Amino acid sequence: MESSDIASRIWLIAGPTASGKSAYALDLAERIDGEIVNADSMQIYAGLRVLTAGPSQEETARAPHHLFQIVDPALGWSVGRWLEAATQALAEIQARGKPAIVVGGTGLYFRALTHGLADVPPVPETQREISSLLYAARGETEFREILKPLDPEAEARIESGDRQRLVRAHAVAITTGKSLTAWQTDTKPALAPGSWKGLVLDPPRAELYARCDARLAVMVEQGALDEVRALETRGLDPALPALKAVGYREFAAHLRGETSLDQALDAARQETRRYAKRQLTWFRNQTPDWERIVP
């Protein structure tokens, strides 16, 4: 590839937690003189660098990093806000004539870049509640039969057990008279086709789980408990997105004296593995054409 092509190309590097994607992205950035943009919904928050495996000072000194630890945990964040910030960062990087490397594990961020973000009208809270109650009353199988004539593509696409997305698809169709799939089809991608290359790091399952376990031990050594303790003293709403970071709830329970450290670590290991499995499933289903890399 010519140097001009490398500079203009945007690299999208995705993968499950602990797959080694951050190290891969940093190595690539050093080789091609690129800049890194965060695509992880938890690494966006300040004060959780260790718990979310964000880049260290040594790593940020090796290549420019953008959109890491920029939002206070007391504040919310959304795909739309990330997309706006990311597209601005990408434009600035390319204006400097540098390659841009977007790395993270939040699939919806990558989808927003490559498929666009649907401008769906707000759904009233009352309709969300009605759709949720309908799901609870009828169960998933019958709810899917109700959703199918409203949005057959969404019904077929949404995985079993994904109540939130099923309920949203129903609520959007009822509120707007137009299926969520139709809204999404009408969107334009933020990145032009051909301007980017997608890679998914896909280590063997056993190796990935071993990496997850090892990472948790390192997090404790590097101060993850101190990060959780600092946020707990602020009395933040447990429903805030930042406090849903994998491991936060388990370590917070330990700090409150509800569990031993070993129990907290065991619970965090299980949650980390479940999270990694969900990510693997998402990237397998949503990015089938991206190149797979075995680290």
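Positions of Cβ are set from backbone N, Cα and C atoms, glycine also.
Keep in mind the model is a prediction, meaning the values are calculated, not measured.
Record features, source Swiss-Prot:
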BINDING   Gly15, Pro16, Thr17, Ala18, Ser19, Gly20, Lys21, Ser22  ATP binding site
BINDING   Thr17, Ala18, Ser19, Gly20, Lys21, Ser22  substrate binding site
REGION    40-43  region 'Interaction with substrate tRNA'
REGION    164-168  region 'Interaction with substrate tRNA'
SITE      Thr106  site 'Interaction with substrate tRNA'
SITE      Arg128  site 'Interaction with substrate tRNA'
*Within 8 Å of the Cβ centroid of the ATP site residues Gly15, Pro16, Thr17, Ala18, Ser19, Gly20, Lys21, Ser22, which other residues of the same chain have their Cβ?*
Gly105, Leu201, Pro203, Leu208, Arg211, Pro295
*Highest CB neighbour count within 10 A among the recorded positions Thr17, Ser19, Ser22, Thr106?*
Ser19
*Entries of Ala18, Ser19, Gly20, Lys21, Arg128 which, being recorded positions, have CA atoms within 10 angstroms of Thr106 (site 'Interaction with substrate tRNA')*: none
*asked:* Return only the integer: C-alpha distance in Å from Lys21 (ATP binding site) to Arg128 (site 'Interaction with substrate tRNA').
replied: 36
_Neighbourhood of Gly20 (ATP binding site), C-beta criterion under 8 angstroms, separation at least six_ = Leu201, Pro203, Arg211, Pro295
*Please work out the number of neighbouring Cβ atoms within 10 Å of the Cβ of Arg128 (site 'Interaction with substrate tRNA'), leaving out its own Cβ.*
16
*Going along the chain, which residues six or more apart from Ala18 (ATP binding site) have their CB under 8 A from its CB?*
Ala53, Leu208, Arg211, Cys212, Ala214, Arg215, Thr272, Ala276
*Between the Cα atoms of Ser19 (ATP binding site) and Arg128 (site 'Interaction with substrate tRNA'), find the distance and write it as a whole number of Å.*
36
*Excluding Thr17, Ala18, Ser19, Gly20, Lys21, Ser22 themselves, which residues in that chain have a Cβ inside 8 Å of the centre of the Cβ atoms defining the substrate site?*
Gly15, Pro16, Ala23, Tyr24, Ala53, Gly105, Leu201, Arg211, Pro295
_Give the mean pLDDT for the region 'Interaction with substrate tRNA' (40-43) on the 0 to 100 scale._
97
*asked:* I'm trying to understand the geometry here, so how far is the Cα atom of Arg128 (site 'Interaction with substrate tRNA') from the Cα atom of Pro16 (ATP binding site), in Å to the nearest whole number?
replied: 30
